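Asker: Here it is, the structure in full.
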Amino acid sequence: MWALRSLLRPLGLRTMSQGSARRPRPPKDPLRHLRTREKRGPGWGPGGPNTVYLQVVAAGGRDAAAALYVFSEYNRYLFNCGEGVQRLMQEHKLKVARLDNIFLTRMHWSNVGGLCGMILTLKETGLPKCVLSGPPQLEKYLEAIKIFSGPLKGIDLAVRPHSAPEYKDETMTVYQVPIHSERRCGEQEPSRSPKRSPNRLSPKQSSSDPGSAENGQCLPEGSSAGVNGKAWGRDPSLVVAFVCKLHLRKGNFLVLKAKELGLPVGTAAIAPIIAAVKDGKSITYEGREIAAEELCTPPDPGLVFIVVECPDEGFIQPICENDTFQRYQGEADAPVAVVVHIAPESVLIDSRYQQWMERFGPDTQHLILNENCPSVHNLRSHKIQTQLSLIHPDIFPQLTSFHSKEEGSTFSLPTVRGECLLKYHVRPKREWQRDTTLDCNTDEFIAEALELPNFQESVEEYRKNMQASPAPAEKRSQYPEIVFLGTGSAIPMKIRNVSSTLVNLSPDKSVLLDCGEGTFGQLCRHYGQQIDRVLCNLTAVFVSHLHADHHTGLLNILLQREHALASLGKPFQPLLVVAPTQLRAWLQQYHNQCQEILHHISMIPAKCLQKGAEVPSPPVERLISLLLETCDLQEFQTCLVRHCKHAFGCALVHSSGWKVVYSGDTMPCEALVQMGKDATLLIHEATLEDGLEEEAVEKTHSTTSQAIGVGMRMNAEFIMLNHFSQRYAKIPLFSPDFNEKVGIAFDHMKVCFGDFPTVPKLIPPLKALFADDIEEMVERREKRELRLVRAALLTQQADSSEDREPHQKRAHSEEPHSPQSKKVRAQ
């Protein structure tokens, strides 16, 4: 393997670019389902789908806000897109590339938190257009995400406002039903509108904060986007329900019956007969009148399903009195097959809501999605963690989950609580299907690992080595404790979530280093019922840069932290956020148009913590002092790193003397080396394997050996590698530079300084656990390097032939022409 790479150098093929520009990607071929649709043409009428089912993507638990996937052979739809939905769809093979319609029931982070990542993924798949339906703020939300995503070229994002007429496609007609709460803007629950701290980042104060004026994102003096949020487009009093009516499915033509009656089956004359009877018309054949019922099965009626969200009691009466819903209750023309209720238990136990549910009749099914739906969602993550815990149960603790303590409501109706992947078939037969739901069987996971060749032996060998190792001269403190929540890059995947690392400074103080989408869900699965305590302990968040995989989990952390403080009876204080000033523009836009969040944050511009930087104002100086005091730090330093514009790394120096350095995303960076000199721990990105140095430069990331090299130059006591490309889903490839000072991070891995001698010794059992994956990656690398060798040889041959050709021409022209050569030329 390493010999192959050595062949490349004498052949003159670069293994490392000196700074080449990123190569443009070739245009993608149209997706298959779009090519099929284009062939059918605009006039094609399918007559309604044969198969339609609703499937729960996320059951509405605290770690997985409610999301519903609807399938037909013609279309795919998604209702709501909270954080983690993209990851779940990828894990459970629900095709994202087929989604051309996303319906959103309200403008709240639990409904739209995963939308940014989903849009970026849809763009990458080559989907040309996606239509978003729901609240009017959707258009402003899309404008807001462009602050950090860029212009989103290549995908047409259309917004269908809730006031638009019905939408119709090959599968169904969708009617949007706007519902306004009795509680207007500003009439929130006391726990959801805490008293504001003087240190918060408010709309008015933002004009005096550094960076806000230069970004042009502060609100005008004297304006208010708090109580009167509607003035700026924010409207929490609006939800949008969706009534979806399937197209009538024509009956099936009975071929055998037609033959019995002597009809011309198998000839061109049968086509108009089939068309007529499918339309319910009688036909006359050879003087006989034949009723449509004799030749065709009954048509499948245009059943209806309804998706409705009722966030609190203020929406109950408007829902009960809504005219559109009343048309589908009692003796309705179109029977309602199922109603999906996204509602908390406080709504479901209300007698008014239960009576409204009963009015749909006994044949209508009801699906509940809320926090009382305990369901495992990320099965692969549970499986991997269970198997890793066999190696070291403290470093790889088993996952848990958060369960609501509220008692579930009881119903006299046919009611089902959601589970991940639960299906309800509307067509061809109305029925629940549970064979796809998840079973988190830890015994099965353990048995599977124990059957792997050499795994048990390598674990036993590791334990013997640890017992034989000399005891450390001094026992190191449990703190700081590093919990890796997301160790993958770019997009959330089934094994590795995107960037986030929790540093527990003490039993009651912690800092979050980056906060990618799904960070709160990872915390829930790691800490379970202790999640509120963990959120209350969170004192600061560092956001390294504005790529979506590093900060789109922040808003959920802010909202859930507010909930945690209220539930534990603790006073509200804004969270200290160290970030590039450009983050403020996104927060301001979301606050103005979607949901009030600025009171959650006291922001410190990352540039103000660079060595030698001038602190621009007394308020920021006070916040920096508060950060150091609260976290018991001597220093919180940042430096610019080599990634995108305004990308930072950071170093935390504790009063007890230890130093933790975090690289964020970067190529090897001298400024980081200098800032991190003599670090106790360096957490450095290692996105790509060795041999992909040129790609690393194009993408402004580091390879494994480059990251280790930075740590060695820094004289770091220990190096933890993370932020691996998702091509290394379970484990990265090891380089020859790995040594006793290097470890690799996994999601939910927990280490403290006392674990430094242990972590490198985990590599042999890890290699045994993931032997098949490593073998596959090695094969891929060898094939890639062989291709490079062949390409280099061809280039070399082409160059040498070009060099020989002019010489041959000169020699040929100098020779006298013989009669034989003339004969050859003539031939």
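Just so you know, glycine gets a Cβ as well, placed from its N, Cα and C.
Grabbed the feature section from Swiss-Prot, which reads as follows:
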type: REGION; residues: 15-46; note: region 'Disordered'
type: REGION; residues: 181-220; note: region 'Disordered'
type: COMPBIAS; residues: 181-192; note: compositional bias 'Basic and acidic residues'
type: MOD_RES; residues: SER193; note: phosphoserine
type: MOD_RES; residues: SER197; note: phosphoserine
type: COMPBIAS; residues: 199-210; note: compositional bias 'Polar residues'
type: MOD_RES; residues: SER202; note: phosphoserine
type: MOD_RES; residues: SER207; note: phosphoserine
type: MOD_RES; residues: SER617; note: phosphoserine
type: MOD_RES; residues: SER735; note: phosphoserine
type: REGION; residues: 794-827; note: region 'Disordered'
type: MOD_RES; residues: SER800; note: phosphoserine
type: COMPBIAS; residues: 801-817; note: compositional bias 'Basic and acidic residues'
type: MOD_RES; residues: SER818; note: phosphoserine
Asker: Any idea what the Cα distance is from SER735 (phosphoserine) over to SER800 (phosphoserine), rounded to a whole Å?
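Answerer: So the Cα of SER800 (phosphoserine) lies 35 Å away from that of SER735 (phosphoserine).
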Asker: Select the most exposed residue of SER735, SER800, where exposure means the fewest other Cβ atoms within 10 Å, treating these as the modified residues.
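Answerer: Fewest other Cβ atoms within 10 Å, among the modified residues SER735, SER800, is found for SER800.
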Asker: If you count Cβ atoms within 10 Å of the Cβ of SER617 (phosphoserine), leaving out that atom itself, what do you get?
Answerer: 12
Asker: How would DSSP class SER800 (phosphoserine) in three states?
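Answerer: Reduced to three states, the DSSP call for SER800 (phosphoserine) is helix.
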Asker: Would you kindly give the Cα-Cα distance separating SER800 (phosphoserine) and SER617 (phosphoserine), rounded to the nearest Å?
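Answerer: Taking the Cα atoms only, SER617 (phosphoserine) lies 66 Å from SER800 (phosphoserine).
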